[in-house]
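Student: Below you will find the structure I want to go over with you.
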């Protein structure tokens, strides 16, 4: 169970005919309350899809009753007509549920620059409403409704010590998703929580999970992470407890996103330690995670510390103070570089596991930070060049 | 002719046995004067190879008599021993030429983290000294001495209106060079010029040429661009004249670097116009040029404006103010996106030429800036993963 593991939620995924293939492509999640608390975080790309513009505004009051999501079309760069389509979708779901359109959030993923097939979206919403349910089947069908190039549905759940539940579904991100790797995530909880705490828990949880997945440095126009709270458990966990459960579900989903980067042959975990600040550690980790030369070397099972050190050196000193002569780099546990130079033999490194751990010690302080990415493979190039979009 | 086109220079490239294959791998350029003016610009990577540390200091007085360059080894991340190797190389060339070691610049390119084979370097310097000459053969041999994965030697020359000559050789950069794409460039001129003007001309020329080639966002530990002036022509061009000639040679060499990105199927020219400042235009151009999704789409002959617009949207508004609704994107002359949405049919775009022109109009001001890059291909992945280093 995932998205309907918390009490008070029903969900469904249906095949509405938006995708060319007859697969689930529309999902609906309804919060039956008693609470209708909601929070969201969205892409920081300045080019924002219509559903992002809509949902950001609609969730700003901390309330929502439902989320409708579609794959097969991003509704981005579609102008005022595209925004009207999102608005009409929210209105339609609102009328079906007899709630205000402002309480219906919308998320889309797929091609940029094309209008959605609105008759199919609106008919699909009705079909999804009729199919709403709770339980493993409803959860998986809902998770499938938002898949694009994902090969498996992504679901997770957790329970706070006090007994409140958190569930979630996610799609995308795999660096190999051709459509800018949009990440859509819906999290649910039956905790009794106010809007401010829901927002705080979501922001803190995403900061150390989804924000640290950097598959190919390309930020989508549609990224959306939502948290809905029903209060149906009657349990009021502390903010710390709730945040930890939301973080646990988010971390699980984020790891699934990395693992489903089709064609990637390694999941790469870049851990930077002994930094002056967490921001400095993350800046170095991100620079390494974004280096095509590092990523291609890992694909070639080459623990190429020279490329790792050179990537670290590209971070300005004002951002991450460290002395290059103090750097140490370990790959899968073997310290192949120390003191800024040669360390253990790179022949000692076993690069065959799918998970590759790169540890960089800056020797400058006591803060740390990590980023997950994937290697750069032939299949990445193939998937992002051979299939036009 | 290139590096010895200006009067007062002799050069040679020899096979010193540094590379495993019997190819030229060591080059020597000597300035016979009467002037010994020199200027240099170096990588801003904080991890700097020993020859970069040496040459940056040695050229700081604005004077140099010779440059010795080697391929087959970067002498980076080699610690105090590596610096001693560079120092010994400069001392050896200085003793052969009967000049001060401080007047001998050193540049290296190749593997990171391995010591150079010093006996071969020192013997090679003597062989190069014996082979010094001027003319097309000497120029090409010298250009070949610094090649790594380059497939052709890169040479250029120009003449100021007043009759002073500028010549140059370059290696590397092709995004496919596995060794961090180190760029080594030696420029020569027989103009009569003071050290301050040589430095100013070099900085201005590189700013709009080499600095605007961004093949894969990876900055080398060894990048070096040097300008030597002999004064042998007796001609004293204005600073503007000299800068223009140095810029012309630099632009020619930079374009050759892009064209020799082995395996790349497109040379991509990203031109951003109607920006508030040149810095804003360059930031947007660089973000687009660094997007793996854009680069893979171009490899697939797909004029994917959605990915271009999304990349532009990743630049913070504080860096490049513009309204996404005002963006217009043309690919090879067809305006496929306007007003932030759909424009002409992408089917009208001919992607078959090797050169691909991406024009982005920000609609925000009157400044412009451009970046050259390459597409992301299977051969890039292959060259940077299959061959360990």
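Using N, Cα and C of the backbone, Cβ positions are placed for all residues, glycine too.
TrEMBL: automatically predicted annotations, no manual curation.
Among the features that TrEMBL reports, active site, nucleophile is placed at B:182. What TrEMBL lists as substrate binding site is B:148, B:171, B:182, B:262, B:384, B:389.
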Student: So if the criterion is CB under 8 Å to a CB of chain A, which of the recorded positions B:171, B:182, B:384 qualify?
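Tutor: Near chain A - Cβ to Cβ under 8 Å - we find B:384.
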Student: Any idea which of the binding-site residues B:148, B:384 has the thinnest Cβ neighbourhood at 10 Å?
Tutor: B:148
Student: What is the number of other Cβ atoms found within 10 Å of the Cβ of residue B:171 (substrate binding site)?
Tutor: 30
Student: For residue B:384 (substrate binding site) and residue B:182 (active site, nucleophile), what Cα-Cα distance in Å is obtained after rounding to a whole number?
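Tutor: Residue B:384 (substrate binding site) and residue B:182 (active site, nucleophile) have their Cα atoms 14 Å apart.
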Student: Just to verify a number: CA distance, residue B:148 (substrate binding site) to residue B:182 (active site, nucleophile), in angstrom, no decimals.
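Tutor: Counting only the Cα atoms, the answer is 9 Å.
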Student: Around the Cβ of the residue listed as 'active site, nucleophile', how many other Cβ atoms lie within 10 Å? Please give the count over every shown protein chain.
Tutor: 28
Student: When DSSP is mapped onto helix/strand/coil, what comes out for residue B:148 (substrate binding site)?
Tutor: coil
